[in-house]
Amino acid sequence: QHKVNISFSSFTGKMSGDGDIGSVMGFSGFGKKARTFDFDAIFEQTRRTAIERSQRVLGEFVLSHGKTKPSDSSSGSDSDSDSDSELIGPPVPPQHAAQEDEDELVGPPLPPGYSGSTAHSDDDDEEEAQDDDDDDNPVKKIPDTHEITLQHGTKTVSALGLDPSGARLVTGGYDYDVRFWDFAGMDQALQAFRSLQPCECHQIKSLQYSITGDVILVVSGNAQAKVLDRDGFNVMECVKGDQYIVDMANTKGHTAMLNCGCWHPKIKEEFMTCSNDGTVRTWDLNSEKKHKSVFKPRSLQGKKVTPTCCTYSRDGKLIAAGCQDGTIQIWDRNLSVHTKFHCRQAHTPGSDTSCLSFSYDGMTLASRGGDDTLKTWDIRNFRKPVNVATGLTNYFSMTDCCFSPDDKLLVTGTSVKKDEGNGKLVFFDRGSFQRVYEIEVTNASVVRCLWHPKLNQIMVGTGNGLAKVYYDPVKSHRGAKLCVVKSQRKEKQAETLTQDYIITPHALPMFREARQRSTRKQLEKDRLDPKKSHKPEPPVSGPGRGGRVAAHGGTLSSFIVKNIALDKTDDSNPREAILRHAKDASENPYWVAPAYTQTQPEPVFAEESEEDEEADKEPEWKKRKI
């Protein structure tokens, strides 16, 4: 190799010496020389840097524990210093100096709270014990110290949805409205920035943001689910199936009222709905003409049953549905024929299972039944429930249950009748299933509950039109904390506009207007002007009076009605009104009377009787209105 290099260098030297050869060959050299590395020098530099850092960390460690830093002179002989310099890696703490020869510790320096440290105080022990208690006790992590109330309406809030980032909340209710709330844009007035009715006169059953947060699934009381974007504009509407086909698998969509719906946790274009037509269907956002697949729950006799709630597992591989006959049926997402797990007597037959929820580890399924129970199931042993809680009143077919972000608690709401107590948010320990905590929300049923893992805030929808948000200033993040710190904006009052002042800088002096100095002074002058301060007469209500015609349309019928309804009230005596020309006709006959003077009998008029006088004296409210 050395010989080749030498000959090669001599060759290049000759070529560089003789420029004519390069010009003849058509090149001037062989390019740049490759960079060389001295690995021994690099290793030595790295070793020295590691030793310096280790000594510096050792000095800080010793100083923090109140021990004197060992001086360089204490290292002893030159042999000791050489042995120290050969040590590669972080230093050994002083308390382990005796074991230094036996086993050398390789790795980062030990933390200050190490159990072997003699300088560890009792206060540190107490603090650590308290932290351990906080970690072990999930109740202390419940964010319920503060709350805000969002007024959705006056009827039941039956749907809640939070986007994955926790920036926007959507609420839907029995009043057909869907309201959009933006935590970052709201102030203390807590007003929704948009309200719409996407499904006309159908109650909203379910609302959920997709995993990307850009679209919202709206499930209502009709047969067609809708997908809206973040601003409420329509993106997709599922097709309606043919209700005259017997086999529901042969129709393109649902034919009866929807009950529930949710997005796939991994695939952003796929969602699922279940309906009273006895099917659970999956859909693709890009193909609205037909469903993706159909799952048909069946009873023990093989008859059609109605699914009341549905959900995906956390990994999206399983589809679970709670049915009206009390069963919980779970399918493999890719195999829609037979169920993978099936529990016949999960809840009381005839009661609507209102919610199914998988835990974050994917092993536990929680079911909220219409039979006032809350149960947890291990899907690996699905024949009997792991835990059961009873006495949880449920009057709604969409009452929620959900797991806490740390997977240690299970939350659900309770229903109450009107003026019979307060609806509660009840927390259960997942392991022991003891009722560890509860929050009295309001004097109405608690229908929806949602515990967002990123915000660590709990959203609650109630039966009296409220959406409450529970949070903790320390343990929660963003969300409701963003809007409670903003002061309420003052409403801008529209001031009275004066006459526009036209600026004409080049106008002649005779046409130039005096420049307005103050709006207030001009308003005061206008107030003194009788023409400008004249209040216009209000519109005529009822029939027209005093030459003014009441407001009517321009058609012939309205003209006739207007003339009929004109005020023709005459307060005079009707007898006198009829006979007001009688005296003049008898004294100065002109037309008819002269022709019949010889044959006309004398007219005899009735005299005023007492009854007429009494009629005139009748009270005002008894008189007939003309």
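Just so it is clear, glycine is given a Cβ too, placed from its N, Cα and C backbone atoms.
Feature annotation from TrEMBL assigns compositional bias 'Acidic residues' to 122-136, 605-617. Residues annotated as compositional bias 'Basic and acidic residues' in TrEMBL: 137-147, 513-537. Annotation source TrEMBL lists region 'Disordered' at 62-147, 513-552, 597-626. Annotated repeat 'WD' per TrEMBL: 150-182, 251-293, 300-332, 356-381, in sequence order.
DSSP labels the residues of the repeat 'WD' (356-381) in these numbers: 0 helix, 14 strand, 12 coil. Residue counts for the repeat 'WD' (150-182) by DSSP state, with H, G and I taken as helix and E and B as strand, are 0 helix, 19 strand, 14 coil. Here the repeat 'WD' (300-332) returns a mean pLDDT of 88 for the predicted model. Helix, strand and coil counts under DSSP for the repeat 'WD' (251-293) come to 0 helix, 20 strand, 23 coil.
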